[in-house]
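Database features (Swiss-Prot):
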ACT_SITE  313  active site
ACT_SITE  457  active site
BINDING   360, 362  substrate binding site
DOMAIN    694-790  domain 'PilZ'
REGION    271-364  region 'Catalytic subdomain A'
REGION    441-501  region 'Catalytic subdomain B'
TRANSMEM  30-50  transmembrane segment
TRANSMEM  151-171  transmembrane segment
TRANSMEM  173-193  transmembrane segment
TRANSMEM  230-250  transmembrane segment
TRANSMEM  525-545  transmembrane segment
TRANSMEM  547-567  transmembrane segment
TRANSMEM  592-612  transmembrane segment
TRANSMEM  640-660  transmembrane segment
TRANSMEM  668-688  transmembrane segment
TRANSMEM  833-853  transmembrane segment
């Protein structure tokens, strides 16, 4: 190259070009790519005035405007990427506050859209104002109860007839399309309305479309002339029916969350009841249990009415000694029947409090726990149980392995953020085994904690409800604990839950027997059905292969009709769930959670249906470490098998598209789209199975709290605590940090009006951000530290609000990236014999993805460059 350029170019230009070539090579570009990059640069200098200030601003903002193109390491087709990204920036990603004259039409449309949103936001208030007289005058109040029931019956009957017509009326493709457009238009109109009315309307529209789909599936899509197609079609229809039932029950369960607030306690503390706090443990490390006991000692409650018990099913002497040192009671059984339930029932023989509060040994209660919960028991004499959320300050395997901690709602957020709140509306709150208060008298009436199943908590609440007692749920987190440390431990925990809920379904079926209200029966059944999702999920992951591999028509209908029925059913359900669940579960993430668990919960739930007494209780390990990143090949084996099976389907589908009957081409395309979606979800499951490092023994908790540090010479600095753990803190000093690494300082924290001092050592200094390591603490200092940090009343309350709102399209893009990430991990960790194949496939996909335009990474200086780009 140097000889050619020396002959063609003058020396200064040649020297600069050679320097650019060497720079490209230094950054990893191949010789061909570097040569081509120099050629493109010459063409750019010839045809584009790069010295112009506008182009200079664009070049300065290259990293923001073209985030996927590395200017220091060119690739052969970078000009195509530049062209696509530039068109995207000009057409699709422009965000100018002041529209240009040539876009007045678009500006007018935006004004109309703004007025429409304003009108929709004001609509609920106007409707409330217009209908206020109905509440004031009680226009039906003069009618007898029988007449009001008659009117209600007529309205319900008319509504059911209308719904039946909408569901069963057959349409040709055009009429079906028009009908769907009307419903879709209605959904788009109401989805932005605030309040619960929009959610109710979306539920009605979604149920209309979904019920119509199920009716169509049962009446028009089974091929009775082909045994293979009939069997495969019935299997898929079984899975779809299950999904439809869960959808309907789920809407019912969360249609009107109660959002219960605390009831204040009497000012006279003599009226406050006595409470026993149980902390059961079996094989956990003492360090895991200590924080729970220390926090319990600081609960705001009269000390003469509070008894704390360590229930040690391991019979360990160090636990007995620890209990004696801190002044709590200790019980150890000689026998260990019925695991945790038996441990608690044994303690009930000795405890005499009016209420019992149970915490898993890693769940650290806040100081306000009892004051926030017990007030309801004094107000409602039939209230037997009050449950609060299980909040986790460490990432679960999904969050840690995917790097999504506090960025996406975790798996349990939906249940504790919305489902339990919805259950509370129907008086069907479940006891979850920890972070709860139970009235002792009803608990004694049912014989203590249920021992017949491995999910003793849910079974206990079912028995309380059968006795006519009520339950309650408060969504405000009042305790926090450790999430499972590995995917295998997480799956083991879910297997136990799944087996236990199916055991309850068989042994104490909520649909039968006395004592339950209809709504309670539905809520319990939906909880049990949730854990039966394994087999239906596996069916969905393999269903399109029936047509591609076996030529079985699982949905015996034209591809156009399949699209007109299937897509609206899925889109309406996704839109409705996004509206209802958006703060607690982002769109499409349920697919990942269910896929990871499906293979493992399917066998135990099936066994429990057949033999409910089979199975044993297993304790979930907490507080472990993951020393190195690795793929859990044992856990991921089923996912890889399903990936390979679907890849075979892709290969056969491609062959059938080019060489099969022309009449089946559209059906092949539909099946291939389904297969590719399944591959994305399975890739996400593989990504979860890559265990990330977890080398901290003490998890850091992010929070903002005022504090101060004092040097040995007495000089004080005000600071803000940014995070803390059981072993240290991260602080930000307000001002200049005149502190050195290794220096010993005292940390001053406040709890209420009391100030506490803790000895620390400076572990790191980065500007005004300082890392502190706690020096060895006395028992009392450790108690004080836990109560100043983990047990603060406001520590966990705002975590839920930190999650971003759900945006379905962005969430779908996240799942696409996640799926691709899983296959990249397979390429990285696969055995050498197959690593080459995975690398070729992932490199091919990466190459295709590199052409997709990206939204610019906005910065403070990006605006002028964006404007300059639009003017070229």
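Even glycines carry a Cβ here, placed using N, Cα and C.
Residue pair residue 313 (active site) / residue 362 (substrate binding site) shows a Cα separation of 15 Å.
According to DSSP, residue 457 (active site) sits within a helical segment. Same-chain residues lying 6+ beyond the ends of the transmembrane segment (668-688) with a Cβ under 8 Å from its Cβ atoms: 397-398, 401-402, 487, 540-545, 547-548, 559, 562-563, 591-592, 595-596, 636, 639-640, 642-643, 646-647, 649-650, 653-654, 656-657, 660, 815-816, 818-823, 825-826.
Note on residue 360 (substrate binding site): other Cβ atoms within 10 Å of its Cβ, all shown chains, come to 23. The two recorded residues, residue 360 (substrate binding site) and residue 457 (active site), show a Cα separation of 12 Å. Comparing residue 362 (substrate binding site) with residue 457 (active site), their Cα atoms are 17 Å apart once rounded. Sequence-distant neighbours of residue 457 (active site) (same chain, 6+ residues apart, CB-CB distance under 8 A): 430, 431, 432, 433, 449. Here the recorded positions are 313, 362, and the one with the most other Cβ atoms within 10 Å of its Cβ is 362. Against the transmembrane segment (230-250), stretch 547-567 has more CB pairs under 8 A than any other of 151-171, 173-193, 547-567, 640-660. Secondary structure of the region 'Catalytic subdomain B' (441-501) per DSSP, as helix, strand and coil residue counts: 31 helix, 7 strand, 23 coil.
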